[in-house]
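What TrEMBL lists as signal peptide is 1-23. Here TrEMBL flags 119-195 as domain 'DUF1587'. The feature domain 'DUF1595' is assigned by TrEMBL to 222-279. Summarising the annotation, TrEMBL assigns domain 'DUF1592' to 293-410. Marked as domain 'DUF1588' by TrEMBL: 443-532. Per TrEMBL, the feature region 'Disordered' maps to 541-567. The compositional bias 'Basic and acidic residues' feature in TrEMBL is assigned to 543-558. TrEMBL lists 564-638 with the feature domain 'DUF1585'.
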Amino acid sequence: MISYRCLSILLSPLVSFFHFATADEFDVEIKPLLTKYCIGCHNDDNTEGEVNFATFENPAQIDAAFKTWESAAERLVARDMPPEGESQPTDIERERILHWYQNRFVDSVVAKPASFRPRRLSAVEYRNTLQSLFGFELEVAIIEAEQTKSETSLVLKLLPDDPPGRSGFRNDTHSNPLTTVIWDQYSFLTDHALSEFFAPNNRHFLEAYVGPLKENFAEAEAEKLVRTFAPRALRRPLPEAELSEIIDRIERRSPDVQVEDAVKRELKAILMSPSFLYRGLRMERIPGQQPVDDFELAERLSYFLWGDMPDATLTELAKSGTLGDTDVLKRQVDRMLLSPQASHLATDFAFQWLAINEIEHFGDNYPLQQSMEAQVVDFMQYLFTEDRPLIELIDSDVSFINPLIARHYGKDRNQLKAYRKAKGIEVEFVSHQKITLEHSKNRGGILTMPGILAMNKGPVLRGTWVLERILGDELPDPPMNVGSVPPPRDGEDLTFRQRFELHRANVTCASCHDKIDPLGFALQRYDDSGSYVGQNATVTRTRGKDSDHATKGKRIDTSGRLPSGETFEDMQGLKHLLATSQRRKVIRNIVERTLSYALCRALEIHDRPTVDQMVDNLDQRNGTYRDLFHAVVLSLPFRETVNPIHEAPQ
């Protein structure tokens, strides 16, 4: 995909070419061209490439689909849409559409935060918040074997998985309904947590709020608990009148109700309230655009970096009114990245961004699967917390291995420290150790990790993963009748790649495969298990299938040409292009993924100026992940909001 900024540069000479009113511009100038050249294939009944140009009836619909228009502008610049064999627009007509795109989606866009929308805590955030609030985790009482995977968190066991939102992330819960099933699970989990909290053998958790308990829990301790627990649970100070009302209800309880039971009832009401389950409901909102208050800022920061409620330090800074200071925010980011809780960035954000969950489909060897997942997580944690350059995602001389995946790393595996396997255990997961890649030139960076390669078998899946997860391109689903590459006929002397070229000759398919295939075939020297099969490996047929690690036949062709025209010979050459000429595109994808995750929503058109500025700064200074996190928390959409109730009609 041509970047947004590059499109702006390419289209800038057209700005003065056309001059017509913007109010009716789409209906008068653009819609007739879409009807003439596009809607025949992109309509309600035939949405090729998952694009439907027949649905745009008002400005809001047009602006919401800015990604679609960006792709369309790219295709017009590259002249690969309309496809070969279809009626083609004249140069003047192309320029008219491109000018409209420039005018509407580039020149007139100003940075603006999104409108406020309540967002429920994700299941992971809810689990973490309960654990921080009570001091313990609710666990499932099971015995876990080394060869199996079992969920030990009672919260995650009972709550349904959060579906990814429009952003692609599970913390984007704006559209997720609060069903009666989820409500009942919240009620059960709250009762269970409160029961454990007041259990005699857990008094130290209760004493963290009320101080040492010399005798039974009484009204004095009840008041202390309410005054300390309630503000923590709701993540901001509460008015004295609200606290007094809670305490008064406890004191006015029926004679047959124990003080402990009355307190449990009040705490449950707090933990089942929208103010606990949702974020931002208690922030005072004024008409129009406004900065979020310091308590909302503390929540945004803590749930972004930790997936958890603010700690005491953030809360105190919010109370003092200084959290919003630029230097204070930067120092807090640095502090929080040093905390073990910052592993959330790798285990949740990177896990979803890179689709590491697909490694689960690798097979029934759970220790090996866990090792492959953990390698990616450990590497991303290293990049995030040790202030590494953004582009080191593509190539790095550092990796993390354990005995189960050491075979992929040749002589470098000798850096592993010896360990003794538990008696009676045939295969077990062992934590990874950090190594320096001195001999494994075919490794380094995220693309060549065994788990990434093993979960994406074949050039199409591998190329698609690189295109979507690393370069940020959005691809439509393949046609329903796409079929598979036919096996070689008797006497046919063609490699898989040669037969694949024949298979994808369809013009419509080629528009995506021109992007996918060079990236995928660059990884063909890695087999289905993620092993590197050697520089001189060749292709032959084995049991009617292609084997890329055979010793006879034609040599594997890993060369390719990017849509930009740049060529490479192998994976090392591709990595060089990704880290140099394609560097800005990689950085833009990292920025967009991170900002979207931090905001818990899909990016909108008014986020583009913010993204552009961040990409410019990070690209020019060879920015690190810490620089990125600083930029995100200091950005306009992170620190401000818009009250939709008072917005002027669009």
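Positions of Cβ are set from backbone N, Cα and C atoms, glycine also.
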Whether the domain 'DUF1585' (564-638) meets the domain 'DUF1587' (119-195): three or more C-beta pairs under 8 angstroms: yes
Using DSSP, how many residues of the domain 'DUF1592' (293-410) fall into helix, strand and coil, respectively? 83 helix, 5 strand, 30 coil
Model confidence for the domain 'DUF1587' (119-195), as mean pLDDT, reads 91
Run through the domain 'DUF1585' (564-638) and tell me, per DSSP, how many residues are helix, strand and coil. 55 helix, 3 strand, 17 coil
